[in-house]
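Going by TrEMBL, these are the annotated features:
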type: REGION; residues: 1-23; note: region 'Disordered'
type: REGION; residues: 321-349; note: region 'Disordered'
type: TRANSMEM; residues: 46-70; note: transmembrane segment
type: TRANSMEM; residues: 90-110; note: transmembrane segment
type: TRANSMEM; residues: 122-143; note: transmembrane segment
type: TRANSMEM; residues: 149-167; note: transmembrane segment
type: TRANSMEM; residues: 179-199; note: transmembrane segment
type: TRANSMEM; residues: 280-300; note: transmembrane segment
Amino acid sequence: MSASPSSNPADHAPPISSDHVESGQPEEYISMTQFRKSMQLVRLQIAIPISVLVSLGTAMVCTLAIHPGVKEISDQHPTLLTPNDTMTGAYWFVVYFLQIGFCLVLICARSDATKATLIHGVGMRYAIANWLIALAVALWTLQLFRSCALVVIVNTLNVISIHITLTKYPPSLKHPFDAIFIHGGVALLTAMLFELTWLHVGSVAMGWVIESKKHWAHYRWESTIAIAVVNVITAIWEAATNQHILPLASEYVALCLLLSSPRINPSMPDSGLPKPASEVITLICCLVLHPLAVVASYGIRRQRNQEGRIRLEEEVEEAEARAQQAQERAAAARRRAQQAGVDTDNGHH
């Protein structure tokens, strides 16, 4: 007679992991730490795409739909720190393209490394950066230059903080989209804000506007020193942290300044004035400085690797010496024990 199927539900229950049995938690439960991380990621997945849309929409409206727009106002207030409009427009197009890619990476994040980079390396500051960009564009369009300069400076510090914390999560070939859309986007935004935007907006806010040919070189040394300081600081950072995308962005930003010519009359293309020699020479030196910083970064990294190998070899030698000493002490102890045994036997005889 065949045995009837068991009616006990426990006989058909799936096996339960020993870890969950020991912890007293059902298998489907997650820890509070995992829950908090999941909620942090969800908040980023909501806030950052919205901020990108607001920033992009504000930039498009204030550039294309409103007159005078961003470009017209820049042309009406020429300074020695006014960049080439066409080149900066192309640069911002790339920045927003990378931001859209960033949003896709954020929404599709699966690996722990990507999630850690997004949550701890970037965080909600990325959304704040886009909101501040939108606010700065609106203030610039309203020609509230001092307020705009203050917002840009705050945002520059905010983006720099993101760039610094991202050094704890370096790009990897295992995650190419992270390297392109996360690290690349932040690097481009850092270069634009720190090396150009706050200088340009600040120069307009402080009244360094070229109103006629006699005002052409009034602020040449202030502009030259400002360009030199931000580029030297950036180059030192590039050399110390082994940056790859930031030097390329810095080169482009320097070209945006070098290839611009402030015009006294925006409606007359021939009214452009050449840049002072001091500023041109400084920008050319900056174009040379950033590649040198990249070379220096490789030299520093190679030296660190050599020092690491030397320390490792020294530690291995010390470990071998300690092992040899331990063997010698053990051999001496065995000899003493054997000698003690021989002396004991002789004493009995």
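Just so you know, glycine gets a Cβ as well, placed from its N, Cα and C.
TrEMBL: automatically predicted annotations, no manual curation.
Counting residues 6+ beyond its ends, the transmembrane segment (46-70) has Cβ neighbours under 8 Å at 76, 92, 96, 99-100, 102-103, 106-107, 124, 126-131, 133-134, 137-138, 140-141 in the same chain. With a cut-off of 8 Å between Cβ atoms, the residues of this chain six or more beyond the transmembrane segment (280-300) that come close are 224, 227-228, 231-232, 234-236, 238-244, 247, 250-251, 254-255, 257-258. Sequence-remote contacts of a segment are chain residues at least 6 beyond its ends whose Cβ falls under 8 Å from one of its Cβ atoms, and for the transmembrane segment (122-143) they are 43-44, 47-48, 50-52, 54-55, 57-59, 62, 66, 68-70, 73, 99, 102, 151-152, 154-155, 158-159, 161-162, 165-166, 182, 186, 189, 201.
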